[in-house]
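Just below is one structure, and these are the notes that go with it.
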């Protein structure tokens, strides 16, 4: 299996070197909001490799390391000699200070560790153009810079940090001790915009319209006269991929809709009617519910579920592809967040993603992932740009493994039915309350926990259903949605009264992090 992903070599970009910060993906996202493409790169990247990528700017992210410790994340010093503007954030500022001859002291030695919001006072600088001389920023550091490198000047201070911002304007190297990428830094977006547009001289013309043109050319060049298989789940991601591919290669696209028995209520019919009917996609429906459920029988481990579903999904594709000629490619709706969440060299794997892990090495296809550089909100914007209606573009996200990862423990038909019916009620009531565009994602989970209840005059011992609803911008971080109590109460009453084998409803009030969006 080979992987053909989005080629962005010719796109003007700013790269973010990943030093393990919990915020490093947000840096990339904020730069994109400015209209400049941005992506994460390993901190191990060499100067020669940076030259090949040809970015207009480089950002060194924050991170948990200390520059004076053995094994701390480093940087190729030749990167500083490439003539490319550089912005170091938090650990990134400490690292560039350390490498260029300044001094960084351990936490506490200088008595100036800072955690939380602080007031930054700055002097004139291209980085702070059109921002107030005093502004609120988020600090999160223990170590501190006490001496700056030669040819650098101090441009910002705070009450506990004498070197909150430094720069070498001649070499276009900048360092800031605070985090401009988070909303707590009130003028953070303006600072990043100054770096991207004024210092790096980026044009700011990254858009979904440009992305469509670029992707269509790339897809046509890659595919040639061969045929492409796409797995349709009915979700936003695969639907957008389908419309994009059809626009690029027309009848060369064959969509396979695998009904694995793990779909939401009425979803199979909706997929066939919506994408096969309205958009005219060539869809082959594979009824494989028994095949999947037999393989999943007795399996409780979430990672094993994902691997089984990933394998079986592709094997079904193999079966369908064997009936066709000139099928060379398999398309997937993998997003940038999927790739990040499956682990980098600075972070442990949280969980394998269904579009990243679980694919057998002997699969017959080459993999095409047209969306694997995009965040979720960018995919929705892409769908709108492609002419897709809101009810498709804003459809609730649904994972490839389907309800298998919304049923805790072993999967049974009874558990699946409780999730299907409760989820349908949740979606209906959220829409009635006018909250369906305000809440980023919402669904129900069979927790696998049974509890005692009373219905009528009888004792019950039935399942507990959890409601998960979150607000987010890009899926990298999320807060639980503050759904009005009266709406939650109505949902709870309906589920308990209308769904068999359920007698208790709980609401998940955990943010991401520490939790992920899905329960498994």
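Think of each number as a place in line: the chain as shown, counted from 1.
Just so it is clear, glycine is given a Cβ too, placed from its N, Cα and C backbone atoms.
What Swiss-Prot lists as active site, nucleophile is 90, and the listing cites sequence analysis. According to Swiss-Prot, the active site annotation covers 179, 181, on the basis of sequence analysis. If you look up Swiss-Prot, you'll see 233, 234, 235, 236, 237, 238, 239 marked as ATP binding site. The annotation domain 'Glutamine amidotransferase type-1' is assigned in Swiss-Prot to 13-205 on the grounds of sequence analysis. Sequence annotations record features per position, and here Swiss-Prot assigns domain 'GMPS ATP-PPase' to 206-395.
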Distance [Cα-Cα, Å, rounded] between residue 236 (ATP binding site) and residue 181 (active site): 27
Across the domain 'Glutamine amidotransferase type-1' (13-205), average pLDDT on the 0 to 100 scale: 92
Additional residues around ATP, ordered along the sequence, whose Cβ is within 8 Å of the centroid of 233, 234, 235, 236, 237, 238, 239: 232, 240, 241, 333, 395, 398
Rounded to the nearest Å - Cα separation of residue 237 (ATP binding site) and residue 179 (active site): 31
Among 181, 237, the one of these recorded positions whose Cβ has the fewest neighbouring Cβ atoms within 10 Å: 237
Local backbone state of residue 239 (ATP binding site), from DSSP in three classes: helix
Protein Cβ atoms within 10 Å of residue 235 (ATP binding site), excluding its own: 20
Greatest C-beta neighbour count within 10 angstroms, which of the binding-site residues 238, 239: 239
Alpha-carbon distance [residue 90 (active site, nucleophile); residue 238 (ATP binding site)] in Å: 38
Rounded to the nearest Å - Cα separation of residue 239 (ATP binding site) and residue 90 (active site, nucleophile): 40
Residue pair residue 181 (active site), residue 235 (ATP binding site) - Cα distance, angstrom, rounded: 30
Cβ contacts of residue 179 (active site) (under 8 Å, same chain, 6 or more positions away): 23, 62, 89, 90, 137, 138, 139, 140, 185, 188
